[in-house]
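According to TrEMBL, the signal peptide annotation covers 1-19. The annotation domain 'Peptidase A1' is assigned in TrEMBL to 69-413. Feature annotation from TrEMBL assigns active site to Asp87, Asp282.
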Amino acid sequence: MGGGKIVGILIFVVVVVSAAGGGGGENHQQQQQKWWKWMSSTSAAVVNPVVSSSIVLPLYGNVYPLGYYYVQLNIGQPSRPFFLDPDTGSDLTWLQCDAPCVRCTTAPHPFYKPNNDLVPCKDPLCASLHPAGYKCESPEQCDYQVDYADGGSSLGVLLNDVFHFNMTSGARMIPRLSLGCGYDQLPGQSYHPLDGVLGLGRGKTSIVSQLHSKGVVQNVVGHCLSGRGGGFLFFGDEVYDSSRIVWTPMAHDRMKHYSAGSGELIFGGKGTGLKNLFVVFDSGSSFSYLNAHTYEGFISLLKKELNGKPLRETKDDYTLPLCWKGRRPFKTINDVKKYFKQFALSFGNGWKSKAHFEIPPESYLIISSKGSVCLGVLNGTEAGLQNVNLIGDISMQDKMVIYDNEKQAIGWTSANCDRPPKSSNMIM
């Protein structure tokens with residue numbers, strides 16, 4: 001993208017639906033798999049069989065210069081590949097769809113061709129997208145509209161189709177899941193030229209929620225984003241050793257988002273007095289965001305630390321709002337990270353000890369195409385996030401981040417994200 005200004009994608013979603021639906025299609029599960037019974041975390045009265053396996057998918061892309069990560073999913077019969085934006089900040093998965101398409105954006109593959117397996121209006125999945133008390137205008141179908149904080153949107157209809165997955169056990173699964181056929185897209189300011197969005201949020205329409213309800217995997221999703229580009233995405237809990245993960249409870253009063261609740265900003269290992277920060281983890285955002293008050297405090301600490309260092313603020317690099325030049329152009333973060341301190345977000349939610357999400361310089365800085373070092377933490381209030389503080393892709397690099405909807409906890413640990421686990425079983 002050269003020196004052009006980059007704005008991280010803000011898939012921070014408010015979903016509005018104008019007629020509801022879901023359902024249809026039984027899961028085509030391979031009978032030879034080992035099953036066991038377990039009590040559903042959502043209802044102790046329900047016993048679901050869940051296969052003892054996970055799904056691991058490679059990720060492509062980077063924070064800079066591309067500006068996003070993406071995953072390939074194979075959907076339909078016959079199976080066709082699509083590149084999707086993996087987004088923990090929203091629930092609905094949708095594809096640009098030839099229904100025909102009223103307004104669609106440039107995409108890497110031909111638009112998805114819809115089938116006739118529509119999700120009806122009264123299906124619980126459709127109801128989950130719609131405010132209480134909605135009225136079905138078209139009982140036979142579920143119309144949806146998804147609006148994103150960056151101004152982008154998708155309008156379409158919900159339908160069912162098969163998704164093709166290779167499990168870590170070696171089995172192949174082709175569950176029938178609900179997705180949006182998006183026939184009217186408006187690109188936001190952080191538009192990415194992809195086939196659609198992979199919704200990984202906490203709602204019923206989320207892919208991981210649907211896979212869990214069909215007994216394919218535990219209701220756990222995670223990702224490992226490499227700072228060198230690429231990485232992997234996973235569904236299920238077999239990819240990591242839980243005892244080696246730093247865990248903190250999910251905030252129960254923020255049911256729509258993956259939030260660790262109230263956090264405190266730590267700078268250079270010391271408290272800053274910037275507390276009670278509502279923090280959300282959002283893989284759909286390229287960069288991280290702090291609310292205006294916290295951002296101003298953070299910038300003040302950063303600039304104080306840079307006093308006397310061989311860096312000067314530059315106004316002729318528009319890659320990001322705040323960039324610095326050195327005596328000569330920087331080539332890598334290693335050239336400059338010694339001048340910057342690590343910061344962290346600390347969460348204390350009544351568990352044994354505080355959980356620190358540490359963010360070293362390489363997880364909040366980029367080297368621009370002009371050789372400047374630029375700050376990948378932005379003013380969230382200016383970006384329309386109001387008081388929300390958002391941990392985006394840049395700050396989750398080289399960590400495995402896990403959203404465990406069974407235990408209602410978020411976890412993380414430093415990891416080598418270059419090599420997906422059990423890669424021999426994956427669809428490449």
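Just so it is clear, glycine is given a Cβ too, placed from its N, Cα and C backbone atoms.
TrEMBL entries are annotated by machine, without manual review.
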Asp282 (active site) CB neighbourhood, other CB atoms within 10 A:
30
Including all protein chains displayed, how many Cβ atoms other than that of Asp87 (active site) lie within 10 Å of its Cβ?
24
Between Asp282 (active site) and Asp87 (active site), what is the CA-CA distance rounded to a whole number of Å?
7
When the pLDDT values for the domain 'Peptidase A1' (69-413) are averaged, what is the result?
95
